[in-house]
Amino acid sequence: MEMFPAAAIISLLLYLLYKFLYRKSDQNCYLLGYQCYKAPDELKASAGTSAKIALRNKNLGLEEYRFLVRTMIRSGIGEETYIPRNFLEGREASPTLQDSLDEMTDATFSNLDALFATSAVRPCQIDILVTTGSLFAPVPSLSSRIVHRYKMREGIKCFSLTGMGCSSSVIAVDLVRHTFRTRPNSFAVVVAVELTAPNWYTGQDRSMMLSNVLFRAGGSSLLLTNHPSWKDRAIMKLEAVVRNHVSTDEAYECAIHVEDEQGYPGARLTKSLPTVAMRALEGNLRVLLPKVLPLWEILRFVVASYRWRIVKGGGGDSKPPPPVMNMRTGIQHFCLHTGGRAVIDGFEKSFGLREYDMEPSRMTLHRFGNTSCSSLWYVLGYMEAKKRLKRGDSVMMVGLGAGFLCNTCVWTVMRDLEDGNVWADCVDRYPPPTAGNRTGEILGWIFDDCMSFINFKDYDRAVLFSR
């Protein structure tokens, strides 16, 4: 134990020396631009619309409805998120293949059209294309559809990631970074989209009903390069990526696509998910933070940890909490996955972040919901629209996904950013005085004692809609 601080300090100094002496230009990865999908206003899911969709499920009894309403009230999701068209048309329980293709087309091609229109890069110049989405795998693949739509060149390198969950856009960026090492002076596009049209859960398992509340329509597209001459046009530079895979039974089963006991398919999100997520993130940060935090903060943490071990081993009634690294000493902004209110609260509590740090993720959850693999880019868009991102700032992205996966990356902002992007028409209204929704006002009657005498499974839904 006495040698612990000295050995740790020497190891850190050797690592930092390696870090500064061994940097190759072909490891550069620059973000030239990104776009997030915003559906037409007619697809917004107001509290009234969400209530009607929820009440259409004839498999639910009174207690399941009460659970669902409580979840909707506490979710942190507002009334301007977007849902697919088949939900509005009353076909959420029986989606067609065309419903999925339509949502994929809308969320993908509108982003790419805007991405190419706002950059000096043409589709025929793209060397690498990575697409990611977990719950829908069409044939031909999404990447093939993109190549065909934009007449990209035949030598393009395409990758399709599936089943990687909400953190897959960070995985896609890491894949591009590694591919850049063997392909200098290249351009890459990453498309992240998760479809909701084919994935409405119609059963009554409470851990699977959560996905109906949290997930919303969305998508994002990124344009990256390692071309040195494009450095001055970049908005951010990738500094580090760390990926972590926790493979315990609890972690594997906390977010999984399965069939319930009645045979209804859906995504099961268990109560252990926030705990597993924080455990995965802690392991990830042990590797990431020494790469991005200043040396003096690392030394402070090593000394504080050593002292804490001494106090802990000395007995006594009161024991101080273990020390934590102050991440704000090397990172100014935090793009945290909008997995749900409990996950975001877990980030804040476990790592001592401020309300200012949490605001972008909370407001993204409120405005756009959980858009899965594209959610981080909506959070980044909020920061940019609020004019928070200044030249030289560091931005850490944290993605969590089924598996259980925790993937993080750190970017350096190359110039002051202030584009309104997908938030342009509403950023001035955020944060709102109260980040709730009107579900309680609309469906509060479901908690009345008199409703206990009604058999909801046989009740006329038209009567419920008229309340």
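Backbone N, Cα and C define each Cβ position, glycine as well.
The feature active site is assigned by TrEMBL to C166, H245, H333, H337, H366, N370. Summarising the annotation, TrEMBL assigns domain 'FAE' to 24-304. Marked as domain 'Beta-ketoacyl-[acyl-carrier-protein] synthase III C-terminal' by TrEMBL: 331-412.
Positions of TrEMBL features highlighted on the structure.
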| residue | record | contacts (Cβ under 8 Å, 6+ apart) |
| --- | --- | --- |
| C166 | active site | E194, H337, G339, N370, S372, C373, S375, G399, L400, G401, A402 |
| H245 | active site | G403, F404, L405, C406 |
| H333 | active site | D357, P360, M383, R388, L389, D393, S394, V395, M396 |
| H366 | active site | G76, I77, G78, Y430, P432, A435 |
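For H337 (active site), the number of other Cβ atoms no farther than 10 Å from its own Cβ, over all displayed protein chains, is 31.
Note on N370 (active site): other Cβ atoms within 10 Å of its Cβ, all shown chains, come to 26.
DSSP states for the domain 'Beta-ketoacyl-[acyl-carrier-protein] synthase III C-terminal' (331-412), grouped as helix (H, G, I), strand (E, B) and coil, give 39 helix, 21 strand, 22 coil. Model confidence over the domain 'Beta-ketoacyl-[acyl-carrier-protein] synthase III C-terminal' (331-412) stands at 93, taken as the mean pLDDT rounded to a whole number.
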